[in-house]
Structure formats: structure tokens, C-alpha cells
Amino acid sequence: MIELGIIGDPIAHSLSPALHNFVLKSLGIAGEYRAYRVRESELKEFLVTHQELAGFNVTIPHKERILSYLGELSREARLIGAVNTVKHENDKLVGYNTDSVGFLRSLQARDLSPKRVILGGAGGAARAVAHALLQSEVTTLALYNRTAERARQLAQQLQRLYPSRTIFVVDDPRALPFEHADLFVNATPVGMESDALPVPLPDRLPTALVVYDLVYNPPKTKLLLEAERRGAQTMNGLAMLISQAIESLKIWLDRPDLEEQIEYDSLQRFVEEQL
């Protein structure tokens, strides 16, 4: 029996246990996936006391902090500087990042190929999103974070890696260039547990603009409701959640062909019913 899980704080909102247990059962694999609330101060102790786990996902606030406890990183995780998937391999913890490919696939599912993007956040999820975008067709990336210095540090790192792209930081959220953007991504947890907006929105938004909130629970955050009211298109993080989860399972189960064996439509319906 394979034991898996997810660590984070907060964690009660997570649909990952329901999603992964549904997939394991549908594939006839004996296993259990559980959620573990792990505070920042408890991370090291958790890693020492839960070595029975074959693997686990990592969410806020540990995606960057966990790097120092891992024995090895995949190329993608090292490039991004954040980990959302860990696997026990040969008596060591190996870190991966499946957020990046999960995000890209969620865009592809909507036939979206943005060129000019605004990204809110500078943490682990934002890092994965930024790399995914800059490795695609994005030419301009505007970054905003409440702690402006973190956004500037991220922008500098990205500019070194992607010198042909235009990357800049907006200090004042009221100056975000929504009128020139194809896509706005909220990669912060703002909206998960409150009606707060991650950034102020103008009275009208372009009808071609897609506002993408990585938060999926609730399925319609304050950001998405207000964006729709102002004329924009919207999407939440559910498609990304499912895509990155399948990628994580491929790693844990050593099943690169796993996607072909999953009935995606039934999985999506099941996950939506949990909200």
C-alpha cells in the first residue's frame, strides 16, 4: 500500500486528498493520500517523523522553504526555485515541480496563448507560473507583490534567464496595465479565506482579458466575481490542480503513461462536486 499526502498551512480547503484517492481507487491501486497541517516551525520535524510516506505534495507556505531539506532537485525545481512534489528515492527526498506544467496545460485546455501578462505574487506558485509563461509565447511580464522587494528579486532572476523578454515590477497596484494585458494571474492565497481582492480592479476591464485565480476553493473568489462584473473572462485553479496532481502521481508511481489511463472528464466532475 502506497502512502501519500500533502503538507501546508492552511490545508483544510484542499481538494488534493479527494482527487488523489479518487484516482488511486479508479486505477485499482491500494493507497491512501492524506492532508497534514504543518506550520512553518514544524516542517523539519514532519520530514523526520513521516518517512513512511512514499511522496507528498507541498503547498503554502513551504514550497520554497523545503528546498534546504531535500537531497536532490529535478532540473525544473532547481530552475524555478520552488517544489510542490517530493518523492522518497533511495533513502533521500527528491523535489520536483509539477505546478509549471500543470499551469501551462490549464491554459492549453482553454486555447489560451497570452503574450502580455500581469502576475500577482512572488512566492512558490508565482515562480512556477512565471517560468511556464516565459518558456511559452509571453513577451511581456509585469510583476506585482505586496512586498515589492520580493517582486524585484524575482524579476532580476527571471530577466537573467529570459533576456529576450520584457519583465518589470509595478510597485503601485493601481498602476497595473490591465488595458494592455491578455492575462492576469493571481498566484497568492488572497481570496481563499476572505472576500479580499489581491489587487484593486479598474471599473472596466477589456473583454479579451482573462483573469485567472489559482485559488479554486471557493470556485468563484471575490476577484473572479468582480472581474466578470467588469467585463473580463475568468477561470479558477481547478484545471491546474488536476493537471499538476496527475503529474505528481506519474512521479510517485513511476507511471509516465498514467494520463492515458485516467478518465479526465469523470475526474473533473468528481472534483467539481466536492466544492
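Cβ atoms are placed via backbone N, Cα and C, with glycine included.
Record features, source TrEMBL:
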ACT_SITE  Lys63  active site, proton acceptor
BINDING   Ser14, Leu15, Ser16, Thr59, Asn84, Asp99, Tyr216, Gln244  shikimate binding site
BINDING   Gly121, Ala122, Gly123, Gly124, Ala125, Asn145, Arg146, Thr147, Ala148, Glu149, Arg150, Leu214, Gly237  NADP(+) binding site
DOMAIN    6-86  domain 'Shikimate dehydrogenase substrate binding N-terminal'
DOMAIN    109-160  domain 'Quinate/shikimate 5-dehydrogenase/glutamyl-tRNA reductase'
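The subset of binding-site residues (Gly121, Ala125, Arg146, Ala148, Arg150, Gly237) lying with their Cα within 10 Å of the Cα of Thr59 (shikimate binding site) consists of Ala125, given in sequence order. The maximal spread of the shikimate binding site, taken as the longest Cα to Cα distance among Ser14, Leu15, Ser16, Thr59, Asn84, Asp99, Tyr216, Gln244, is 17 Å. Those residues noted as binding NADP(+) (Gly121, Ala122, Gly123, Gly124, Ala125, Asn145, Arg146, Thr147, Ala148, Glu149, Arg150, Leu214, Gly237) have their most widely separated CA atoms at a distance of 26 Å. Within 10 Å of Asp99 (shikimate binding site), counting CA to CA, the binding-site residues Gly121, Gly123, Ala125, Ala148, Arg150, Gly237 contribute Ala125. Across the range of the domain 'Shikimate dehydrogenase substrate binding N-terminal' (6-86), the DSSP-based residue counts are 32 helix, 18 strand, 31 coil. Using a 10 Å Cβ-Cβ cutoff, Gly121 (NADP(+) binding site) registers 25 neighbours. Each residue contributes its Cα atom, and for Arg150 (NADP(+) binding site) and the residue listed as 'active site, proton acceptor' these two points are 15 Å apart. Considering other CB atoms within 10 Å as the measure, the emptiest surroundings among the binding-site residues Leu15, Ala125, Ala148 are those of Ala148.
Closest by Cα distance to Gln244 (shikimate binding site), from the recorded positions Lys63, Gly121, Gly123, is Lys63. In the structure shown, across all protein chains, Lys63 is the one of the recorded positions Lys63, Arg146, Arg150 with the greatest number of other Cβ atoms within 10 Å. DSSP places the residues of the domain 'Quinate/shikimate 5-dehydrogenase/glutamyl-tRNA reductase' (109-160) in helix, strand and coil in these numbers: 25 helix, 10 strand, 17 coil.
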